[in-house]
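Please read the structure below before turning to the comments.
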Amino acid sequence: MARIPEEVIDQVRNQADIVDIIGNYVQLKKQGRNYSGLCPFHGEKTPSFSVSPEKQIFHCFGCGKGGNVFSFLMEHDGLTFVESVKKVADMSHLDVAIELPEERDTSNLPKETSETAKMVEMHQLTAKLYHYILMETEEGTAALTYLKERGMSEQMMTTFQIGFAPNHHATITSFLEKRGMDLQLAGAAGLLSERDDGQMVDRFRNRIMFPITNDRGQIIAFSGRLFDRDDGPKYLNSPETPVFNKRRILFHFSEARQAIRKQEEITLMEGFMDVISAEEAGVQNAVASMGTSLTEEHADLIKRLTNRAIICYDGDRAGIEAAYKAGTLLVERNRLDVFVLQLPAGKDPDDFIRASGPEKFKEVYKQQRMTWTAFKIHYLRKERNLQNETEQIGYIDDCLREIAKLDQAVERELYLKQLADEFELTIETLKQQLQQSLKNSQKSRQMASYNEPPIDDSFMGMMPQEGAEMLFSFEQPAQKLSAHTISEQQLMKAMMESRDNFLLIKQLLGDTTFYHDNYEALYTYLIGYFAEGNDADPTKFMDSVPDAAMKGLISSLEMVISPDEQGKPQFEDYIRSLKRYKLEQKKKELEQELATYNRENDNENEIRVMLEIVQLNRQLNSGQLD
């Protein structure tokens, strides 16, 4: 198993910027000293995910996951610790030497995880073979010529790892079998098909192959395109598998992530060739859905990275309909700012770039975007005879309903003027009609609010409460916490952040244990961490803790706000609070026992328990809690 020197791990951890790394996966906004965004580990519409650049940690107050930059990538991308250190170093452009093992050991993984890891490995190997066949063999010559004639450079073929599946039944079957791969598993992965006689054969034959990656950049599927005949579907995609769900996958999303984040917008296209041509033309933030309409899962994925989308679909009727559906989803579900780039009729982005050139496409891309409202007003014209008065009135009413949805008065004025000019109406007349539309729109929103489901009671614990103690940075919803919980938090946080504090508190605690088991477990980890001679560093401490729940507890503690100055008097107060709570809990247990003995007329035990309660009351009243 590969190991990395401790000093290299420390260098990467200390020099990496957690905001920059996580920002490649989550759209982060600055709030006070920290950054917040939608958690990538559970579905949510209100941000509860917080990243601290000062402490170099993340924590989600919704699902409880937390950690440092390494644990984020381990959780999000399914990496080993060594792989996560390597990826952080690469993403941070750090010049450190980290070697990864050639093959990942999956023997200790659960069966399901082990099988999916092997499926991914099979796809990686298969993609390399397909690409080699296209670029280096005689069998790939026709496909290579076809791609070059379409204007694709060899550089793009390599960037996108495009390949060719020859017209044989056993190219991939034999290739995988020679490497000891399970052919039944390869079938379940969508690489092979089973014939009626039970023999496994290649699923893809005589097709140009486009690898499909997940949001971790791993190849998990293929789309094969016919190029020299018409005896089958133009595109053949991998079936749904344990590693591939087309409702959740956008072509080129992982590779475009950095450009999307930098430009603060994403470009949606329909086809693989459109995305590849756009990349070659310099538009690097383009993605495409996998032969399906944009889904809610796609929309949520986009929302996590940006608030703006440019839809650049085909210029035919089907493309316009698809743009309307996609834009409606993004606006109504995710509240994105949507623009539409309409190409000439019958042209897709790939056609346009090949016919007009990259520079013309970039010019159109930057200068001819339609706002979502402008596109919808244009869309509402379709199949309407605007020479007919009834059709005109219906069209104007529909347009006013769209204009009524706009928040900005300037925008409303602009579109009203356009309508007034086109139909020779006064803008005052349209404004009167618009006011009625606004009233109707407000009534609709009020009715919708009456029908909203009640807030789940389980969420109320996270809601701000009157008189709540603000223990956390304001990114976390305020909670009213008990004194003993506050004490445990402050003691553990103080110990993690200072070896001197650890030694002092350990001495003051003596035989006293933490009330909550997870704090007691974390305390045990901390004792071992300092016993190994490590310095106080919560982010480094996280790496020594194998349990994900413990990492989440550490990150939550690091979000706790502590008093400016804490020393022995404060620590003694916290420990007294902890001891008092334990005695109070013991008293409650004895009172329950007393009630039981009283019902059972067990006088002997009743007297014994009463004496114990009297003794506890004396301790609590005197302050002698030991």
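Going from the start of the chain as shown, residues are counted 1 onward.
Using N, Cα and C of the backbone, Cβ positions are placed for all residues, glycine too.
Predicted, not measured: the structure shown is a model, and the values here were computed from it.
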May I ask you to indicate which of 39-63, 364-388, 389-413, 589-613 is given in Swiss-Prot as zinc finger?
39-63
Would you kindly list the residues that approach the zinc finger (39-63) from elsewhere in its chain, counting only those six or more residues past its ends and only Cβ-Cβ distances under 8 Å?
13, 16-19, 22, 25-26, 28-29, 33, 69, 72, 75-76, 300, 304, 462, 472-473, 475-477, 538-539, 542, 552, 554-556, 558-559
Roughly how many Å separate the Cα of Glu270 (Mg(2+) 1 binding site) from that of Asp316 (Mg(2+) 2 binding site), to the nearest whole number?
12
In all the protein chains shown, the tally of other Cβ atoms within 10 Å of the Cβ of Asp314 (Mg(2+) 1 binding site) is 24
Fewest neighbouring Cβ atoms within 10 Å among the binding-site residues Glu270, Asp316 goes to Asp316
